[in-house]
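Annotated in TrEMBL:
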type: TRANSMEM; residues: 20-49; note: transmembrane segment
type: DOMAIN; residues: 24-505; note: domain 'Major facilitator superfamily (MFS) profile'
type: TRANSMEM; residues: 69-88; note: transmembrane segment
type: TRANSMEM; residues: 100-119; note: transmembrane segment
type: TRANSMEM; residues: 163-190; note: transmembrane segment
type: TRANSMEM; residues: 213-232; note: transmembrane segment
type: TRANSMEM; residues: 347-364; note: transmembrane segment
type: TRANSMEM; residues: 370-389; note: transmembrane segment
type: TRANSMEM; residues: 401-420; note: transmembrane segment
type: TRANSMEM; residues: 440-461; note: transmembrane segment
type: TRANSMEM; residues: 482-500; note: transmembrane segment
Amino acid sequence: MGKEQNQVLNALDVAKTQWYHFTAIIISGMGFFTDAYDLFCISLVTKLLGRIYYHVDGAEKPGILPPNVSAAVNGVAFVGTLSGQLFFGWLGDKMGRKKVYGMTLMLMVLCSIASGLSFGHEPKAVMGTLCFFRFWLGFGIGGDYPLSATIMSEYANKKTRGAFIAAVFAMQGFGILVGGIFALMISSIFEARFGAPPYEVDPSGSTVPQADYVWRIILMVGALPAAMTYYWRLKMPETARYTALVAKNMEKAAADMSKVMQVEIQAEPEKELPQVNNSYGLFSKQFLARHGLHLLGTASTWFLLDIAFYSQNLFQKDIFSAIGWIPPAKTMNALEEVFKIARAQTLIALCSTVPGYWFTVAFIDKIGRFTIQLMGFFFMTVFMFALAIPYDHWTHKENRIGFVVMYSLTFFFANFGPNATTFVVPAEIFPARFRSTCHGISSATGKLGAMVGAFGFLYLAQNQDKTKTDAGYPPGIGVKNSLIVLGAVNILGFFCTFLVPEAKGRSLEEISGENEEEV
């Protein structure tokens, strides 16, 4: 690596933590805040959509989304996210992080607003519009994964890099929390203004016409935090590592960093650089020899983690109903149901999701990514088996609180564990010219796991007795057996972690081998 490059990159590695690092966390983090708000707020309104658009006169229970519609509404954003992670990850390495970063945000703002609009009043038209815009919303969100992680890792110093990248990801927790709180506020305001009897008293009257505005407002507000940071994203300079190592413009890299870091970095005038023979391509033999196992490690651990992480959401409704946080649907009106679901999600976010993320931020540069990930998978396995093996014991009324505590601890160790570290590590261990692409591949594999978790287990967790399954679903293996399968998935994640190197306290060029690459 040339002396000029070394000067610029060393200055970044040893730079003191300063105000600019925090503004970068906020600018990148607000994208993640929006991602989480948009991806998770749909779970707050699906029951309401069922009541409004799939009400059946004379039915004993309120209308629910048919299985295929429910899968489409919930799953289409995942498909979009997966596509966006691959496409924008690749584009971020080709065009530069900064240029692509504005595109993803604009897409998220426009599609958040459009998600709340619909062409026509028929269920098919409303759901079709919702699915179309949620796909493109997911596409924008997908781009934010590799770009936010890569930008933060390339700006950070080597001492606190893990904490900075984890802090960007931790904004997800606040996104989920604010989504729940906002839904609580909107449903309370509408309930106070347009009160209605419970479903069992008046099936038609329990869903007031104004309820149709509630889900639209909740979805559309997701555009606000992203729009607020758009201007600052455009003002961010390209990362010095991209400018120096990929665009090969040392003077510009030095000038950009001098401006934002308030340190004087001098790069010598550009000399004619010798042609580098070692600049191997993505998936070349040399890449696979150096980084093949690392990519397999980051992708497989993210895939396995997301199977377990997203399937946990399936058990939420059973858990909440079991402990009485959400009473039977027919005893509530539509707005009351939104309020109760939002309250439950907010409590879970407050007690286990948000603290888990910030524990990672606090400890990742002290005990390392590897240890946190191993510990997280280990405890997730322990708590899954502790829920599964004596499952019948947990279903008794007097043991419900214990069940919720165990369930919350599983979530806590997912977030103080692999859910955070699988995001951090791919942004650190690959060369600059592939960094965004490799992060995109890893996160897209994770989203594939999320689809398996969210939809595979939706069918798997159904009761073995076909008279007790949810409407429209075939019999499955039951919740107990599903939890045992998830425990086994976590054990696999534990062992796949050994494929991934520790990046704590080392410079990006040292970890990725770029130091030896260019001589």
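Glycine residues also receive a Cβ, built from the backbone N, Cα and C atoms like all the rest.
Nonlocal intrachain contacts for the transmembrane segment (440-461), taken as residues 6+ away from its ends with a CB within less than 8 angstroms of a stretch CB, comprise 71, 74-75, 78-79, 81-82, 85-90, 92, 142, 145-146, 295, 298-300, 302-315, 422-423, 426, 473-474, 476-479, 481-482, 485-486.
By the Cβ criterion (under 8 Å, sequence separation of 6 or more), the transmembrane segment (347-364) is in contact with the transmembrane segment (401-420), since 3+ such pairs are found. Highlighted: of the candidate stretches 69-88, 213-232, 370-389, 213-232 has the greatest count of Cβ pairs under 8 Å to the transmembrane segment (20-49). Beyond its flanks by at least six residues, the transmembrane segment (370-389) meets 301, 305, 308, 360, 363-364, 403, 406-407, 409-410, 413-414, 416-422, 425, 480-481, 483-484, 486-487, 490-491, 493-494, 497, 500-502, 504 of its own chain at Cβ-Cβ distances under 8 Å. Tallying C-beta pairs under 8 angstroms between the transmembrane segment (213-232) and each of 69-88, 100-119, 163-190, 401-420 places 100-119 first. Below 8 angstroms of C-beta separation, residues 38-39, 42-43, 46, 49, 54, 100, 103-104, 123, 127, 130-131, 134-147, 436, 440-441, 443-444, 447-448, 450-451, 454-455, 458 of the same chain, each at least six residues beyond the ends of the transmembrane segment (69-88), sit close to that stretch. Note on the transmembrane segment (163-190): residues 21, 24-25, 28-30, 32-37, 40-41, 44-45, 148-149, 152-153, 155-156, 208, 210-211, 213-214, 217-218, 221-222, 335-336, 338-339, 341-343, 345-346, 349-350, 353-354, 356-358, 360-362, 364-365, 415, 420-421, 423-424, 427-428 of its chain, located 6 or more positions outside it, place their CB under 8 angstroms from a CB of the stretch.
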